[in-house]
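Here's the structure we're looking at; comments come further down.
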Amino acid sequence: MSVKEALKESLISFFEYKTPKIVHIKSKRVGVLNRIIQTLIIAYIIGFVIIAKRGYQEFSGIESSVTTKVKGIVSTKNLTADDFNDNYKDDKDLYIRVWDISDLVVPASENGAFFVTTNMIITPNQTLGICPEDADVSDAVCDPKVKDWCVDKVFQLGHGVSTGKCVNSSRKDVHTCQIEGWCPVEKDDYPLKNNTPMFTATKDFTVLIKNSINFNSYNVRRRNIIEIDNSSKLQDCTYHPDYNPGCPVFVLNDIVKGAGQDYDTISQYGGVIGIEINWDCNLDFDVKYCVPKYSFKRLDDPYTQIAKGWNFRYAYYNSNYRTLYKATGIRFVLLVSGSAGKFNFIPLVIKIGSGLGLLAITTIICDIVVLYLQKGGKYYKDKKFQYVEQVDNDYTDVLATNLRKRTASNEQNTPLSDS
Amino acid sequence: MSVKEALKESLISFFEYKTPKIVHIKSKRVGVLNRIIQTLIIAYIIGFVIIAKRGYQEFSGIESSVTTKVKGIVSTKNLTADDFNDNYKDDKDLYIRVWDISDLVVPASENGAFFVTTNMIITPNQTLGICPEDADVSDAVCDPKVKDWCVDKVFQLGHGVSTGKCVNSSRKDVHTCQIEGWCPVEKDDYPLKNNTPMFTATKDFTVLIKNSINFNSYNVRRRNIIEIDNSSKLQDCTYHPDYNPGCPVFVLNDIVKGAGQDYDTISQYGGVIGIEINWDCNLDFDVKYCVPKYSFKRLDDPYTQIAKGWNFRYAYYNSNYRTLYKATGIRFVLLVSGSAGKFNFIPLVIKIGSGLGLLAITTIICDIVVLYLQKGGKYYKDKKFQYVEQVDNDYTDVLATNLRKRTASNEQNTPLSDS
Amino acid sequence: MSVKEALKESLISFFEYKTPKIVHIKSKRVGVLNRIIQTLIIAYIIGFVIIAKRGYQEFSGIESSVTTKVKGIVSTKNLTADDFNDNYKDDKDLYIRVWDISDLVVPASENGAFFVTTNMIITPNQTLGICPEDADVSDAVCDPKVKDWCVDKVFQLGHGVSTGKCVNSSRKDVHTCQIEGWCPVEKDDYPLKNNTPMFTATKDFTVLIKNSINFNSYNVRRRNIIEIDNSSKLQDCTYHPDYNPGCPVFVLNDIVKGAGQDYDTISQYGGVIGIEINWDCNLDFDVKYCVPKYSFKRLDDPYTQIAKGWNFRYAYYNSNYRTLYKATGIRFVLLVSGSAGKFNFIPLVIKIGSGLGLLAITTIICDIVVLYLQKGGKYYKDKKFQYVEQVDNDYTDVLATNLRKRTASNEQNTPLSDS
């Protein structure tokens, strides 16, 4: 056969159809087993992968912008001298007043979060100077009889730099090293007796959450404030999971309750609450069904006994003095997530492709049953397998002759090609 | 056959080659159909999955750090008394002055965002005291003829706690409840007539964006400030999408325009603008081609009529008074995204593997055509399928004999095994 | 054959078993090759995909809350007049004092980040007024002999609005335009000679990091503060990668060193350091092994010569003056990542499915070897392929007859169906 002929034959062969030869075994038992396994796999692919997980859709990520506005007023005018701890008797007027958002929501603007103060220690009129260290800084407690106790000591967890002297502290009968720094130092305890948080009334504060999202791939933009609402309705409504799930105004107490927490308890040491806004949209339906679901969750661990809750210090500075605030409270963090799916041919084809791959498992299992686990396996094996001897070196010529004959007989157009 | 022999045979069989028997049908029509479908699938795999989606690459996530520095000066010295609303005539000197970054960019430092004030209400010298509630708080509007109208009322959206009295409000002919809180209360309208925003000149402010990224898997670090620039060039350039796409200094107006918005319009109520920095890098090419693309997008919804735009309040506290600011403006949010791909054998093999799975679709379609949709289907079916009867219980012995013979004949080294 | 019979036959056929016919070639060479390739693919699937990449697990995302508390005190009382640059001789008392957290950690509370000041320029008592522009603003340098040099000039990178006059600047022999704005303008250089950062002692500051995470799918909650620690132990310990990897208290210097940086060097111009907390948990083991790994990395680019490091300005406002601070320092950013895996049947099945797809490669490669790359390829080809002629139009009748006969003979229950 010349090269030209060989090429021609290859080309012809290339455009002819090749399909696997299938052994059709008339065994109902294995046939039914086969169909059951196939049905299970197909049911899994169609039911779970394609329908339940929406495998026929292409999904788009989410781009989100969220802003919040807290509203509310707290009055602590009902507190009396008896409510305060003894060491706050002189300072109590600092705390008996009316508080607004600018007093209690600190910092004024945070990206995707807001903090509401629930308890506070105010240290007014601190100046740079000399005063006794806080008796709670255990390193700084000294014995005035021992000379040089305080010399060359550094209190990294304290409030200043030791001057070397041991002096009376603000706590009775306790001496502490004298320090240089912002004086006087902050008190250790909160103002109210029994660790009562001062601003539990912030539970009635409301927050308006404005969340605008964008599904980039589909250029679909949605906002959590639904269009039919008008301004007056918006100011009046408050979110309720069942009766008013579309209202964007939340009472803080509802949020905390939704997270399974008690506002009064969390107020004591502070904490972190997540406000989750989930947009799970199916854009094959009308876009009006694409609305957010809110859920609430406490994010920090309430069960720890050490370094419990959340507090931080900030100060307002004036010319030569400052007012220091230790604010304990609840940080609310907004977590926006979601995705949008829309029918697309490509993911569907891919899912079907992998499904076909999985179907191969059927044949493997049934073959094992047919060939090894039932009577007559050897018989089926003989049918499934066509045994071909190896071409030995010695034997090649004979075979070649044989083959040439067979090829010739094939060319005589016998439909029974394999005998 | 002893167990030993059976094991030996199994072992030999294990190391012999098994390949599916293929029925080669000399039908050009189906052959061409077969090749067309195969070509489509292969083209999809190679063209789309492997080349277009860079399926031959392993992708790395991005780690990003972004800092911003806004520069600019605004003067409002050209404002005259006529520009102000009537109720601002006395306060107008607070607004006619020069403003710098520390006055207008609040807070001074935000993680991945910055805010520029475009309009402002200043309420200077607020003290804790007693004053009439704002007439805009509709609950607080009272009728002085009705006794006890204001008693025991709480205005959660107001500015203080009701004292119970009904007094003249700052608005003519309107009475409101007297409140205790930070007094006087903030005005309802912005200083300038016709809702003109005060700081539209901030459109000329510039922001230097420094973005440094890291592709962890490949330990490739890139920054948006390109090395060839020197400091003087950097201070002079301004970003332009066509003429200067590599400059990291942006004019705010260009950003807002790039997001399809008008600076003067957005200034009125504020808004949120996203500055997207996208690093989509192909590390199979030189790393110098790995540069960011900037794009801009308005993130909040400009079409809402309720709770429009973005504003927040902050206060500077002094000993016993504070200055309250209501700042309306544009929050710019930096969104860094991206990924880097590099050739890797494993994803390539996986893509090829799934491709082979998909190729099974070809055979399924062509088999349907060959066997059911064309003349002679029954003939091809006979060729494709080898029908094997079930091994009946009654028949087993006969078969066994038969099989033993066939096996023997196989062992006589007949190359034609299946007849 | 009636429709009813055909349907019945189809139904019977549907529940019968079909399996590909396999050609079993007794060639050890190709058999071994076949098994080697199969073993490689199976080893890859099992070893890499399933075991190393934990392909038998379903993975859950992470939800994280992180708060930080920095502690420390810096004294700059040891500075003398000689340490300061000449233009700071009068101001030096502003800098020689004790500094605490509220002075150096700005802003007081940031979401997932904190900033520690390492160098500072204080511009006290700025008032709105008239003063010479900074000589560093090159546009503003003027020649007093040239008339109207400064008229109608805008210095967008300067500190105010030009009044039109050219006056003596704070720098000797340099004239600059007079501006209206916050006066006096900030100095160009840092207080200490040789660019020495003022607060390198902040390297001894400690930060307590509280990180609480949640694997939603498995409802597993973990915190980085391990339960066995008690409060006193917690206050005493400091993190060490080898000796104390579970302690949540970090010395800033250790963090910076861990990122491969020198604290004194980074203090000069500031920078951004990432504190990575990685939770990579295998929930098939006891949950107590689910602990975080900390790592540190410099996120900004230390090698740039332009716009180096990180600094920002903030101001404290009083009635009619303000104190402006330029703070250079290190921003620490907390990056929490992680995932938890647990055994799940579905991902395992999917991995096995794709593995089966890949196994098809074996047959393709071995077929190429058997049929084209070795002696006797034609012989094996004849065995693998069963050649079937096309059904010609002319020939259809003959075939049909032929087929009818064959079908009849099939129905006579001949077990040897394909001959």
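A Cβ is built for glycine as well, from the same backbone N, Cα and C atoms used for every other residue.
On its own chain, C:K69 (ATP binding site) has C:V207, C:L208, C:K210 as residues at least 6 apart in sequence with a Cβ closer than 8 Å to its own Cβ. Residues or ranges marked as ATP binding site by TrEMBL: C:K69, C:V70, C:K71, C:T206, C:N311, C:F312, C:R313, C:K326.
What TrEMBL lists as disulfide bond is C:C131-C:C183 (among others). Take the CB of C:C131 (disulfide bond) and look out to 10 A: across all protein chains shown you find 22 other CB atoms. DSSP assigns C:C131 (disulfide bond) to a strand in the three-state reduction.
Other Cβ atoms within 10 Å of the Cβ of C:C166 (disulfide bond), summed over all protein chains shown, number 25. Under the three-state DSSP scheme, C:C166 (disulfide bond) falls in the strand class. The disulfide bond annotation in TrEMBL covers C:C142-C:C166 (among others).
The local packing around C:C177 (disulfide bond), expressed as other Cβ atoms within 10 Å of its Cβ over all shown chains, amounts to 26. Per TrEMBL, disulfide bond is recorded for C:C150-C:C177 (among others).
Under the three-state DSSP scheme, C:C247 (disulfide bond) falls in the coil class. Summarising the annotation, TrEMBL assigns disulfide bond to C:C237-C:C247 (among others).
What TrEMBL lists as disulfide bond is C:C281-C:C290 (among others). Sequence-distant neighbours of C:C290 (disulfide bond) (same chain, 6+ apart, CB under 8 A from its CB) are C:V220, C:R222, C:W279, C:C281, C:N282, C:L283, C:A340.
Feature annotation from TrEMBL assigns transmembrane segment to C:36-52 (among others). Here the transmembrane segment (C:36-52) has Cβ contacts under 8 Å with residues 348, 351-352, 354-355, 358-359, 361-362, 365-366 of the same chain, all six or more residues outside its ends.
Residues or ranges marked as transmembrane segment in TrEMBL: C:356-373 (among others).
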For C:C166 (disulfide bond), the spatially nearest of the recorded positions C:V70, C:C183, C:C247, using Cα atoms, is C:C183
Using Cβ atoms and a strict cutoff of less than 8 Å, what residues sit near the transmembrane segment (C:356-373) while being 6 or more residues removed from its termini?
25, 27, 30, 33-34, 37-38, 41-42, 44-45, 380-381, 384
Which whole-number value in Å describes the distance between the Cα atoms of C:C150 (disulfide bond) and C:C142 (disulfide bond)?
7
Could you check which of the disulfide-bonded residues (C:C142, C:C183, C:C237) sits closest to C:R313 (ATP binding site), going Cα to Cα?
C:C183
Recorded positions near C:C177 (disulfide bond), in sequence order, restricted to C:C142, C:C247, C:N311, C:F312 and a 10 Å Cα cut-off:
C:C142
Sorry to bug you, but what's the C-alpha spacing from C:C142 (disulfide bond) to C:K326 (ATP binding site), rounded to the closest Å?
26
Rounded to a whole number, how many Å is the Cα of C:C183 (disulfide bond) away from the Cα of C:F312 (ATP binding site)?
19
For chain B, which of the recorded positions C:C237, C:F312, C:R313 fall under 8 Å by Cβ?
C:F312, C:R313
Per the under 8 Å Cβ criterion, the recorded positions C:C131, C:C177, C:F312 that neighbour chain A are none
Give me the largest Cα to Cα distance among C:K69, C:V70, C:K71, C:T206, C:N311, C:F312, C:R313, C:K326, the residues the record lists as binding ATP, in Å as a whole number.
24
Which of the recorded positions C:V70, C:T206, C:C237, C:F312 has its Cα closest in space to the Cα of C:C131 (disulfide bond)?
C:F312
Ordered by sequence, the long-range same-chain Cβ contacts of C:V70 (ATP binding site) under 8 Å (at least 6 apart) are C:I101, C:V105, C:F114, C:V116, C:F205, C:T206, C:V207
